[in-house]
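Trainee: Have a look at this one.
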Amino acid sequence: MESIDVAENLSSLSGMVFKIDQNEFGLLVDQNGTGYLNYTNVTMDPNRTYYIFESVYPSSYSIPEIVIASVVVIMLMIVVVVGNMLVIIAIVTEKALKNVQNWFIASLAVADFFLGIIVMPFSLANELMGYWIFGDWWCDIHAALDVLLCTASIMNLCLIALDRYWSITQAVDYLKKRTPARAMVMIGFVWIFSGVICIPPLLGWKVKRVPERYPKCEVSVILKVSAFTF
């Protein structure tokens, strides 16, 4: 049994059994058949004509799946961006909403707004296409923003939950302590903590990238393993 690469010239194949070793996305199709040959042991007939058809992207998604996923996620992004933008505008412009407890909600809305308008579009393209086309520089920035905004969003949710908890369990004392200055310090801590977490990849703690036809955008092998572990 001989091993060949589908990218080689198929005109020299004889009618013996070959193992199709496909290193890139694509289909080896028999002109006289209805199926395709892919990652299997097949008999190559010298009297037949074979073609290599590449799919649109090296991802596992078909064209209908890409279209459906794009429409659904784009609609979700519009809801996220517009919804959080309206929350921010309402808190900033309406006098009745300009209280300390709503500052925490505004901080959460800011994180989710930028997550929907900056991070999600590129993540969607990367997922559907199966590789990163936006360059190494934007990969680093995108990964850092992804970590920053996701962490800030989670931390703001925790801050809102703690604020509600203390407001109920320590109604009098906590409301006296919850001054605008304290609220700003709490919100500042959330964003500074999130920023510290996203800095390591920018300082070199990331996967060493090698030139390849279909590059990947990965932050760290450790982070990748941890994600699969949990």
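Heads up, the Cβ atoms here are built off N, Cα and C, so glycines get one too.
Sequence annotations record features per position, and here TrEMBL assigns transmembrane segment to 66-91, 103-123, 143-162, 183-203. Residues or ranges marked as domain 'G-protein coupled receptors family 1 profile' in TrEMBL: 83-230.
Structural setting of the listed features?
Mentor: When the domain 'G-protein coupled receptors family 1 profile' (83-230) is classified with DSSP, helix, strand and coil residues number 118 helix, 0 strand, 30 coil.
Residues of the same chain lying 6 or more positions beyond the ends of the transmembrane segment (183-203) and with a Cβ under 8 Å from any Cβ of it are 100, 103-104, 107, 140, 143-145, 147-149, 151-152, 155-156, 159, 219-220.
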